Amino acid sequence: MQTVPEKNRSANNWQRIVIKVGTSTIVDAAGDIKYPVINRLAQTLSQLQKSGYEIILVTSGAIGVALQQMKMVKRPTDIPSQQALAAIGQSYLMAIYNQSFAFYQQHVGQVLLTYDVFNNKQMLKHTIDAIEAMLAQHVIPIINENDVIAVDELEHQHSFGDNDRLAAIVTHETNADSLIVLSDIDALYTANPFIDATAEPIAVVTQVTPELMASASGSSDLGTGGMATKLYAADYLMAKQRQMVLINGKNPATILDIVAGKAIGTLFKGV
Ligand SMILES: Nc1ncnc2c1ncn2[C@@H]1O[C@H](COP(=O)(O)OP(=O)(O)O)[C@@H](O)[C@H]1O
Ligand SMILES: N[C@@H](CCC(=O)OP(=O)(O)O)C(=O)O
């Protein structure tokens with residue numbers, strides 16, 4: 001595996017960090033909610049916040065959590081059923097986060113967004129103002145897509161499609177220093193390692209090439225985006241001179257290592 005010299009990771013002067021947590025970090029393959037992982041995430045983010053970092057959490061998992069609550073094994077295909085699950089799961093997801101963060105005396109606030117917010121100057125300003133106000137009060141904003149109303153209509157795009165894209169846009173619009181994406185995989189591999197046993201992890205990506213895009217196929221059972229949407233997010237950020245790090249979410253304390261400048265996962269950073 002290619003190694004990155006520590007000095008190439010400019011993590012030490014980060015101030016504002018967006019963390020994106022995928023469904024696979026919140027819910028396991030059997031559909032059970034990973035309470036200890038969520039607790040560790042809350043502990044880690046609270047610790048960072050108390051050390052002076054500004055933290056924004058973008059979380060998936062509403063539908064995954066709701067499937068467990070409603071004792072359903074498969075995600076329904078029709079939109080209203082998915083909207084209903086998102087409504088059920090989002091409130092429970094926030095209840096879990098509230099309880100987990102409260103243990104570390106960390107306040108959080110819920111922000112639910114649709115794509116059109118970012119296409120409307122005034123709505124965008126209101127959203128950013130609210131996020132800035134929370135950060136100024138040492139509150140961690142917890143963002144998800146508003147899946148109840150984010151249903152695309154003809155000529156009107158409400159939906160981000162996936163939370164990797166949402167997280168990348170939030171990173172840019174809030175002028176954050178980096179996006180850290182937590183998934184069920186240690187890094188970007190040369191091919192999907194669940195399919196190709198010869199796949200090798202990639203430590204640094206300086207450009208998202210068509211070959212890299214072609215290497216991304218499939219997602220975890222409940223994840224919607226898969227690796228392709230993470231590559232689109234990285235490409236979007238690199239075009240804006242920002243960076244992204246992909247790590248395994250099984251131990252969220254790894255975020256502390258990333259912030260300390262350790263070379264873990266895949267770093268996406270333009271040259
Ligand atoms: N080249 C690749 N490298 C790593 N993972 C890949 C690759 N191609 C496809 N994948 C798949 O992407 C999955 C992660 O995406 P996803 O399931 O959407 O996770 P999340 O819910 O964390 O967003 C991995 O579990 C793996 O199955
Ligand atoms: N907004 C949806 C998640 C959508 C999504 O992109 O999921 P994932 O690929 O796991 O990050 C939810 O909360 O269920």
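Note that Cβ sites are derived from N, Cα and C of the backbone, with glycine treated the same way.
From the candidate list Ser24, Ser46, Ser51, Ser60, the residue TrEMBL records in the substrate site shared with Asp147, Asn163 is Ser60. Across Ser60, Asp147, Asn163, which the record gives as binding substrate, the greatest C-alpha separation is 11 Å. Cα proximity to Ser60 (substrate binding site) (within 10 Å) is found for the following binding-site residues from Lys20, Asp184, Met227, Thr229: Lys20.
In this structure, Ser60, Asp147 are the binding-site residues from Lys20, Ser60, Asp147 whose C-beta falls under 6 Å of some atom of ligand 2.
Cα distances from Asp147 (substrate binding site) to the binding-site residues Lys20, Asp184, Met227 are smallest for Lys20.
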